[in-house]
Structures are given as C-alpha cells and as structure tokens.
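Engineer: Per Swiss-Prot, active site, proton donor/acceptor is recorded for Y137, and the stated evidence type is sequence analysis. Annotated active site, schiff-base intermediate with substrate per Swiss-Prot: K166, in sequence order, evidence recorded as sequence analysis. Summarising the annotation, Swiss-Prot assigns pyruvate binding site to T49, I208. Residues annotated as site 'Part of a proton relay during catalysis' in Swiss-Prot, with sequence analysis given as evidence: T48, Y111.
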Amino acid sequence: MSNQDLKGSAVALVTPFREDFSIDTDALKQLVHFHAEAGTDIIIPCGTTGESPTLNPEEQADIIRIVRDEAKGKMLVAAGAGTNSTRSAVTLAKNAEDAGAEAILSVAPYYSKPSQEGIYQHYRHIAEAVSVPIIIYNVPGRTGCNVSAETILRLAGDFSNIAAVKEASDNFTQIADLLDGRPEHFSVLTGEDTLILPFMAMGGDGVISVAANQVPAAVKQLVDSAAAGNLEEARRISRTYRNLFRLNFIESNPAPIKCALAMMGMIKEVYRLPMTPVSEESRRQLSLEMSALGLI
C-alpha cells in the first residue's frame, strides 16, 4: 500500500465479547461487513477503542486476521500494536504485520513519561523492525506525555514508513505546525470526532473515529464533504451529530460506544475489566440522542 492511502474516514473498531469474555468472532465479522458496506476507508482493530490492553498477543493476531479476511480488500486494515515498552511494541508491530495488517497504529509510550529523544528512539526501533506504514498515535490525555510536532516531523523526515499521525488532542497550534511542516508522504489525522470539521478546514487528511462505529456513513460523508471544500454540507452533518460525538465520551471510551452498539443490536454489552458499563444516567442520555437520530 501507499502512504497516501492513510486518509479519509477510519474507524477505531470495538472488540465484541461473548458473555464468557471470549472474542465474539461472529459479531466481529458482522462489524467488518457493516463498515465495508458503509464505505469506511480504513478499519483499525486492537486500538484503545478495541480494549487492546485486555487482549493477549494471540487474541490480537486472531482479530487482525479475521478483520483482514473479512475486509476482502474493500478497506485498508491498520492495526493497533503499541505499548510503553519499546521491545514489546516492536514485537507487537511485527506480530501485526505477520497477521496481515497493512499499517500499524502505535501509541506513544505511556506512564514512563520519556523525553522527546526517548520517544524518537521508541518509534525509530519500530520503524526499523517493520516494513508497513506506521501511524504515530499521540493521545496525551491518556499517555501522560505529548509527542511534540518537532519529534513527529523529525521521525517523518528520517523514516519513510513513518507515514501518519493520529493527533488526539485539541492543540491546534501543534496541529498547524504538523500540517505546515510535514513532508509530502505524511498524513495528519484527528482522533477527535468533535473536531473533524475545523481540523479538515485546516488541511487535515481525515479522522480515526469512535463515532464511525455507530454512524460510519455519516462520518465518511462529513470527512469527504470537508475534503472537497463543501463546508456547508460538512457543517450540516457536524451539527447533526455533534451531540452524539460528545456523548460517546460521556464516560471513558469505549464504554459509551459499546453501550450504543449494544442498543443497536450489533454486539453484546460485555467489557473486560477494568472497563465497566456506563451509569444509568449516561445510558439514558445516549438512548435519547440515538432515538432522536433514528439509530434505535
């Protein structure tokens, strides 16, 4: 695949579980078909929304294989494959590549609070270990560290397979620095559904979306409209779904989105600890909004 394929509407896929907490492979296959039919450009299993910290390496590889096989070339398959140990992150990236992932989404090393040089070296080792494109996942609200624009651009300049960043913050100064300084091969994606419109208006390349789990066609239309310069249509879609986007984070992701998908009859509402169901009040608000949108 080309690095230029890392654009458009990408879904941060949930991992469906059975009541015994095993992977619900039937539901997983149906989710992949749902996204293929909706026109999703990129499907990303085993990320934060997929409860990756609760998956063992064998489960991650199995999920990637299933998604790859069911996607049948209709969507690009990028897989979450990151952790805070560089050695383990390299192993996960290799395993994902071996399982058929066409790109890797690798989260910044969390908890350790490394220096920018430590972050650079972390991604350098991953880039040298795999041949597929790598998406840097910068989510300072979860990791406790920010991958600076300078570090991201340094990596993009030094390694041809450092192909994109998922910028999951509202730091528009950093976003502008990335968009202005990036090399031609490098994509900048937002990880914030509520910011799709302003992000795309600045010249961003797309979104890695939680809301695409429940409204993939709408997210795809929003991204495509903004990319085509049809801002009036993009504003209409953004206004329609803005409250839903907000409610998907009323509690820690992925609890609200899995609750929503269970309401839609697409998965069972089963989580692996420490993730637990949302409160009754959050459930009520989600239900009201989804009913108003005709989703349930």
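Cβ from N, Cα, C; glycine included.
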Engineer: In Å, rounded, how far does the Cα of the residue listed as 'active site, proton donor/acceptor' sit from the Cα of K166 (active site, schiff-base intermediate with substrate)?
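Structural biologist: Their Cα atoms are separated by 5 Å.
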Engineer: Indicate whether T49 (pyruvate binding site) is helix, strand or coil by DSSP.
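Structural biologist: DSSP call for T49 (pyruvate binding site): coil, neither helix nor strand.
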Engineer: Which one is it: of the recorded positions T48, T49, K166, I208, whose Cα lies the shortest distance from the Cα of Y111 (site 'Part of a proton relay during catalysis')?
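Structural biologist: Going through T48, T49, K166, I208 one by one, the closest to Y111 (site 'Part of a proton relay during catalysis') is T48.
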Engineer: Counting across all protein chains shown, how many other Cβ atoms sit within 10 Å of the Cβ of the residue listed as 'active site, schiff-base intermediate with substrate'?
Structural biologist: 27
Engineer: Helix, strand or coil: which one is Y111 (site 'Part of a proton relay during catalysis') in, per DSSP?
Structural biologist: coil
Engineer: Name the one residue among T48, T49, I208 whose Cα is closest in three-dimensional space to that of the residue listed as 'active site, schiff-base intermediate with substrate'; these are the recorded positions.
Structural biologist: I208
Engineer: Note down the number of other Cβ atoms within 10 Å of the Cβ of Y137 (active site, proton donor/acceptor), including every protein chain shown.
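Structural biologist: Other Cβ atoms within 10 Å of Y137 (active site, proton donor/acceptor): 27.
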Engineer: Round to a whole number and give the Cα-to-Cα distance in Å for the pair T48 (site 'Part of a proton relay during catalysis') and I208 (pyruvate binding site).
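Structural biologist: Pair distance, Cα basis, whole Å: 11 Å.
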Engineer: When a 10 Å sphere is centred on the Cβ of Y111 (site 'Part of a proton relay during catalysis'), how many other Cβ atoms does it contain?
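Structural biologist: There are 11 such Cβ atoms around Y111 (site 'Part of a proton relay during catalysis').
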Engineer: So for T49 (pyruvate binding site), how many other CB atoms are inside 10 Å of its CB?
Structural biologist: 24
Engineer: Under 8 Å Cβ-Cβ from I208 (pyruvate binding site), six or more apart in the same chain: what's there?
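Structural biologist: Set apart from I208 (pyruvate binding site) by at least 6 residues yet with Cβ under 8 Å, we have A10, V11, A12, I42, I44, G47, L105, I135, K166, A168, L189, T190, G191.
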Engineer: Taking the Cβ of T48 (site 'Part of a proton relay during catalysis') as the centre, how many other Cβ atoms fall within a 10 Å radius?
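Structural biologist: The answer is 23 other Cβ atoms.
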